[in-house]
Amino acid sequence: MMQETNQSFVAEFILLGFSFNPSTTPLLFSAFLMTYLLIILGNGLITILICLDSHLHTPMYFFIGILSILDVGYTTTTVPQMLAHLASQKKTISFASCVAQMYIFLVLGIMESWLFAIMSIDRYVAICHPLRYKVIMSPWLCGVMVIFCGLWGVISALVYTVFAMRLPYCGSNKINHFFCEVPAVLKLACADTSVNDRVDFILGFTVILVPLSLILVIYVNIFIAILRIRSAQGRLKAFSTCASHITVVTMFCVPAMVMYMKPGSEASLEEDKKLALFYNVISAFLNPIIYSLRNKDIQRAFLKVTGWGRVSWREGQRH
């Protein structure tokens, strides 16, 4: 019995990463490094501006700030290690580090999925009940909703991770992925993973499909309310406040749903890596751009905090 246990124990895994020509490694390393630094810069800047500018101390920007923190944590769980593996020949990760990475990644990802649903509730109250917005979306309620996201993430990620790592891993230790993601790790298990497929589907339903369905129902009601607005300018303003949220939800939730809700037997690891890159790196990179480029409040806060706004005002006064 002891011999079987030792045989099934894997001390470390090898992350194969992306399949590409070795000559392109420096280019890929530079691209991922630049993207990661921009993710840190963009999301970090939004978080700092929201903290420093009192005009941004509203429920909407509170949730955007939480989203930015999650994006930084989410990518930091995977990208630095991917960069280290691109820069060196050693591509191993210990069993314990793999479990930790899997768990932290899932906690932050599940939190983000539910946060998108909460952000849609915030938009619904702002558009459909504007006079009662501050009363309904109180700081206490906002805090409770974020705590709910955190608890749901911690519990669901624990179930995912325990069910994945309880299996014996006794054959190949090469993970065909750039980090320890559940579907890729399960491919190495020396046991039937049908139970895991069912657990993953049920959890995928509660952490992706339920919030996505909630967002869909809420936005149907929002659009009905917007169409009742008489002025064209009012309708356009209401639509524009929703457009950025719909964009980031689509970029994050749809690839994650495809990844986690399909049976393991149907998984294509090369396709899975591209999907994971999309909701792990690209969405975190685009979120600050989507929320700041067309957002006058963020732009004003940036000018105010940096002092550039005062310089522009003085120059205007001189002319």
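Including glycine, each Cβ sits where the backbone N, Cα and C put it.
Sequence-distant neighbours of the transmembrane segment (27-52) (same chain, 6+ residues past either end, Cβ-Cβ under 8 Å): 18, 20, 61-62, 64-65, 68-69, 71-72, 75, 79-80, 82-83, 86-87, 281, 284-285, 287-289, 291-292, 298, 301-302, 305. Annotation source TrEMBL lists transmembrane segment at 27-52 (among others).
For the domain 'G-protein coupled receptors family 1 profile' (42-291), the model gives a mean pLDDT of 86. As annotated by TrEMBL, domain 'G-protein coupled receptors family 1 profile' applies to 42-291.
Taken from TrEMBL, the feature transmembrane segment applies to 59-79 (among others).
What TrEMBL lists as transmembrane segment is 99-119 (among others). Listed by sequence, the residues of this chain that lie at least six past the ends of the transmembrane segment (99-119) yet keep a Cβ under 8 A from its Cβ atoms are 60, 63-64, 66-67, 70-71, 73-74, 77-78, 81, 93, 145-146, 148-150, 152-154, 156-158, 160-161, 164-165, 179-182, 185, 207-208, 211-212, 214-215, 218, 245, 248-249, 252-253, 256, 279-280.
The transmembrane segment annotation in TrEMBL covers 140-163 (among others).
According to TrEMBL, the feature transmembrane segment maps to 201-226 (among others). Within the chain, the transmembrane segment (201-226) has long-range Cβ neighbours (under 8 A, six or more residues past its boundaries) at 110, 113-114, 116-117, 120-121, 123-124, 127-128, 152, 156, 159-160, 235, 238-239, 242, 246, 249, 253, 256-257, 260-261, 263.
The annotation transmembrane segment is assigned in TrEMBL to 238-261 (among others).
For 276-293 (among others), the entry in TrEMBL reads transmembrane segment.
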* Asked: Counting only pairs at least 6 apart in sequence, do the transmembrane segment (238-261) and the transmembrane segment (276-293) share 3+ Cβ pairs under 8 Å?
  -> yes
* **Outside the transmembrane segment (276-293), six or more residues from its ends: residues with CB under 8 Å to it** => 32, 35-36, 38-39, 42-43, 45-46, 64, 67-68, 71-72, 74-75, 78-79, 105, 109, 177-179, 181, 244, 247-248, 251-253, 255-256, 259, 299, 302
